[in-house]
Each structure stands twice: as structure tokens, then as C-alpha cells.
Amino acid sequence: MIECILLTLIGLIIPHSQAVIPIPKNYSPEDKYCTIYKSAPIVDNYPSCTTLKEAVKRFRKRLVHEEFPASTAPVDKCAIFSIELVITSGCDESDKVLWPNDSSKESYSISFQQQKLIISSPEVWGILYGLETVLQHIYKDEWEGRNMQIFTLHDDSPRFSHRGIMLDTAKHFLTIGEMQKFIDAMAMVKMNVLHWHITDTESFPYVSSTYPELSDKGAYHPKAYVYQRNEIVDLLEYSRLRGIRIIPEFDTPAHTQSWGNGYPDVLTPCHTEDEEGNQILGPVNPTNLTFIHNLYHEILSVFSANNHIHLGGDDVDFTCWQSNPDITNFMQEKQFDTDYPQLENYYMEQLVEIVESSSLKSGSAMVPIVWQDVYQDGFRLARDMIIQVYKSDEWKKSVDAITRAGFKVLISSCWNFSDVSLGDDWRAFYECDPLDFEGSPGQQALVIGGEGVIPGDHVDDSNLMLVSWPQAAAIAEQLWSQERTSTDDFGDRLSELRCRMRKRNWDVQPVNGPGFCSV
């Protein structure tokens with residue numbers, strides 16, 4: 001009886017083997033366990049690669065955090081005495097740092113040779129993922145002293161190039177520290193895009209040097225609840241070092257009531273009884289286009305290392321435009337008649353041209369991303385734009401139609417955290433396949449990935465991690481792994497991931513009912 005209890009406790013305290021998330025491609029775990037030491041030298045030939053040096057520091061810190069044995073292993077035990085990192089294309093950041101982009105080479109391989117662990121990748125970004133995979137194979141064994149399962153992994157690579165989550169910092173302010181913690185969680189599961197929905201109807205927390213009253217009068221507080229430029233630059237660097245791109249979204253022409261707090265003339269005067277409609281930009285005033293041009297020129301200079309920007313475009317209510325005589329006169333001059341979606345398209349055309357000209361001046365051409373409403377309202381002029389499908393009703397038909405028209409697509413329809421509560425709602429996330437629509441191979445190739453969406457209505461620093469992790473890892477596996485497993489198998493691995501996150505002192509929720517994490 002005592003022996004049975006002991007074996008049960010051992011099974012509970014030692015994490016599941018093969019519990020890596022996302023599950024790799026060409027992955028062969030072995031029934032063999034070794035010891036890796038926190039003092040093991042990590043060797044590379046890239047002295048000027050800051051990204052790699054910082055990754056190694058983080059890796060060592062987490063090894064020490066696991067309290068691994070530091071003494072030499074007996075000769076009859078398996079041991080790993082060194083780690084070698086190989087970047088086949090090299091890594092030199094002596095002149096300028098490297099930034100991840102949508103064409104980064106993220107594949108990596110891991111092998112064990114003569115008491116040495118070798119991680120290789122075409123670029124440094126794959127090394128980051130390889131180090132995370134190694135960390136997920138490490139566990140604490142208080143009986144044997146061994147702490148790593150041996151495995152072979154040849155050419156693990158992502159299914160999609162865009163693997164992201166949208167954070168909303170307008171409805172509730174999120175501190176930089178909490179966002180950094182969130183980025184660390186994304187890095188654990190090989191996600192590579194943070195879509196930053198930075199402004200909305202409720203607040204404008206971005207501090208603009210060009211138009212300072214946007215935040216002075218549009219933020220919840222002009223000092224406490226804003227993002228200064230230096231803070232944004234630091235956050236961009238923090239995410240870069242973890243292989244994560246930050247794509248900003250300044251949503252227009254709707255969701256702009258907060259803009260009008262500091263600059264009321266940019267909004268359309270509504271001639272209706274319902275003043276709530278007065279939250280949409282005026283699309284016909286030349287002064288407004290100058291305002292937008294100057295603001296976006298500044299935004300693109302801050303986020304110049306990126307090659308994408310999100311232009312929003314959702315939830316455009318035409319009621320206010322319809323009530324305004326200046327706009328109706330403009331509509332007649334342009335022969336738009338009463339086709340207000342055509343007016344919206346006119347605005348989007350001006351906005352895309354502004355972004356194109358401003359991004360070229362900043363030295364980096366930006367590809368626009370828009371919500372699906374823009375496409376559904378008829379805008380087609382920017383052939384390189386990416387359509388983000390977020391509406392849950394008949395999303396498969398929407399993806400089929402958009403890809404049939406030749407546009408690239410991001411999927412968010414079945415990954416909205418507004419629909420998630422405590423428990424195993426992650427199962428619906430895991431069962432959503434971005435390619436589960438009727439379309440040709442050519443259409444499916446236009447699906448470049450997807451994003452989980454975390455609206456800020458009920459999320460702030462107090463519960464961001466709790467409502468999003470570890471269940472967001474279900475999205476990560478769908479977007480990375482070529483082959484998924486059963487939901488039950490994933491659930492076991494998800495429980496283990498949660499315990500690893502708890503060990504980092506993150507408040508993340510249980511996902512599979514009763515249980516505990518080892519201390």
C-alpha cells in the first residue's frame with residue numbers, strides 16, 4: 001500500500017514526459033532520462049549577437065530556478081555537460097540589431113551527441129524556440145537526480161508565420177510590466193505577434209509628440225495611464241529579444257470618441273438626437289487628412305522596425321455621416337449618391353496612401369492589416385492588405401470569399417476570449433482549425449495565421465494572465481504544429497504548462513479540474 005502511494009506521488013510530482021507545447025514536427029522522444037547541469041557551458045561563435053546572448057541569460061536563469069543538481073554525475077549515469085548553439089546564416093548585431101519579421105526563418109533542430117546538446121537553426125529566432133523546447137523537457141526529480149528527457153527533433157518549423165494575440169489597452173489600461181509578463185508567456189509557446197489595440201472610444205493612452213492633447217485629454221489620466229515613447233521603445237526591444245513583433249492598431253474611422261476630447265474638430269458633427277453617434281472621424285475635411293497624415297507619420301517612426309500596421313476599420317456606423325450636410329454634399333459631388341460604404345472606402349483609400357507614403361519616408365514599407373468589415377464594405381484597392389476575420393457567424397464562408405478574391409487572411413473568429421470562462425473552454429480553441437473551410441490549396445496558402453482576441457472590457461492588470469493563460473496555448477499549438485493530438489492529450493500537456501507558469505509566479509488558472517502543481 002505504501003509503495004502504491006509513493007508511486008502515485010512520484011507520478012504527480014514529476015511532470016509528464018513529452019509535455020511540450022506546441023508539439024514539434026519530426027519529434028521522437030526516447031525512454032531515456034539524463035542530467036543537465038546549470039553550470040554546463042553554452043557555446044556559440046557569435047560574439048556580436050546580442051539577441052542570442054540575452055536568450056542564453058534567460059535560459060540560465062530558468063535553469064537555476066529549477067534548482068538542478070550542480071555536482072558531477074556518476075559515470076554510469078547519463079549526463080549533458082555542454083550545450084552548443086549553431087546559427088547556419090550567422091548572427092552579427094555589431095552594426096544594428098536584428099528584428100523578427102513575417103519572413104523570418106524560425107525552424108530549428110535539436111540533437112544529443114556525446115554528452116552534448118546541440119541546437120541549430122538558420123536564424124537566431126529558431127534558437128530561441130529551441131531553447132524553449134529544451135526547457136519544457138526539463139523536470140525536477142528528487143529521487144534519481146536526473147532532470148531531462150532525451151529526444152530527437154529534426155527541423156521543427158511553424159505551420160503559420162503569424163501567431164499572435166490582440167491586447168486591448170484602451171478599455172482598461174495595462175501596465176508595461178504586465179504586458180512584459182504576457183510577452184514572456186507568449187514566448188514560452190512560440191507565439192510571435194502581439195497585436196496592440198492601443199486606442200479606442202474609451203481612451204487614447206498613446207502620448208503623441210505631434211498632438212499631445214490626444215492623451216492629455218483622451219487618456220484616463222494624462223500621467224498615470226499613458227504610454228510614453230521611451231516606454232514603447234523599451235517594450236519593442238523587450239519583445240524583439242523574444243522573437244515577438246508588436247503590431248500597433250489605431251482604429252479608425254470608428255472608435256475615435258477619445259480623439260475628440262483633445263481635438264473635437266476631427267470628429268464628424270452629428271445632427272441627430274443621439275449624440276452617442278458622434279464618435280467617428282470626419283472623412284471629407286482636408287484638415288483631418290493632414291491630421292491623420294501627421295499622426296501616422298509619427299506612429300510609423302516609432303514602430304519603424306515593423307513591416308505591418310493595423311488600420312482597424314470595424315464597426316463603422318453611418319448614422320452620423322448620414323446626418324451631416326457637409327458630408328451629404330460631398331457625397332453628391334463625388335457621385336456617391338447614398339452609398340456610404342463607398343465613402344468609407346474613400347477614407348480607407350486616403351489612409352492607405354498616407355501609410356504608404358509615411359512608411360517609405362521612415363525607410364520601411366508597411367503592409368496594412370484591417371478588420372473584415374473593410375473588405376465586406378467593398379474596399380479592394382490595397383491588394384497587399386491582410387484581412388483579419390473576427391466575426392464568429394459563418395466565418396468559414398467569409399474566409400472562402402476573401403481568399404477567393406486573392407487576399408491574405410488572419411483568423412480570429414473562434415479565438416475570442418470574451419467567450420471563455422473558467423474551466424476547459426480551451427477545448428473549443430484547440431478544435432478550431434484555420435484551414436477548416438472549403439477552399440483550394442491556393443486559397444489555403446493565403447491564410448497566413450491567426451490571433452486570439454482579448455477585449456479589454458473586463459480585463460486589466462489584476463486578471464490579464466488569469467483569463468488568458470494557459471488556455472491561449474491552445475491557439476499557439478494550432479498555429480505552430482503541423483499535426484495536433486487529441487484534446488485529452490493536449491489537456492494533460494496544458495496542465496503541465498500551467499505548472500511551469502505557476503513556477504514563474506504567474507497567476508494562471510487551472511484548466512482540468514482538481515489537481516495541484518509540485519512546489
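Positions of Cβ are set from backbone N, Cα and C atoms, glycine also.
Record features (TrEMBL):
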type: SIGNAL; residues: 1-19; note: signal peptide
type: DOMAIN; residues: 21-136; note: domain 'Beta-hexosaminidase eukaryotic type N-terminal'
type: DISULFID; residues: Cys49-Cys91; note: disulfide bond
type: DOMAIN; residues: 160-482; note: domain 'Glycoside hydrolase family 20 catalytic'
type: DISULFID; residues: Cys270-Cys320; note: disulfide bond
type: DISULFID; residues: Cys499-Cys517; note: disulfide bond
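For Cys517 (disulfide bond), the nearest neighbour among the disulfide-bonded residues Cys49, Cys270, Cys320, judged by Cα separation, is Cys49.
Put simply, of the disulfide-bonded residues Cys49, Cys91, Cys499, the one whose Cα is nearest the Cα of Cys270 (disulfide bond) is Cys499. Residue counts of the domain 'Beta-hexosaminidase eukaryotic type N-terminal' (21-136) by helix, strand and coil are 28 helix, 31 strand, 57 coil (DSSP-based).
A separation of roughly 32 Å, to the nearest angstrom, links the Cα atoms of Cys49 (disulfide bond) and Cys499 (disulfide bond). Cα to Cα, Cys91 (disulfide bond) and Cys499 (disulfide bond) are separated by 34 Å. Reduced to three states, the DSSP call for Cys499 (disulfide bond) is helix. Annotated pair Cys320 (disulfide bond) and Cys499 (disulfide bond), C-alpha to C-alpha distance, rounded: 51 Å.
When the neighbouring Cβ atoms lying within 10 Å are counted for each of the disulfide-bonded residues (Cys49, Cys499, Cys517), the highest count belongs to Cys49. When pLDDT is averaged over the domain 'Glycoside hydrolase family 20 catalytic' (160-482), the result is 94. Other C-beta atoms found within 10 angstroms of the C-beta of Cys320 (disulfide bond) number 24, with every protein chain shown included. When the neighbouring Cβ atoms lying within 10 Å are counted for each of the disulfide-bonded residues (Cys91, Cys270), the highest count belongs to Cys91.
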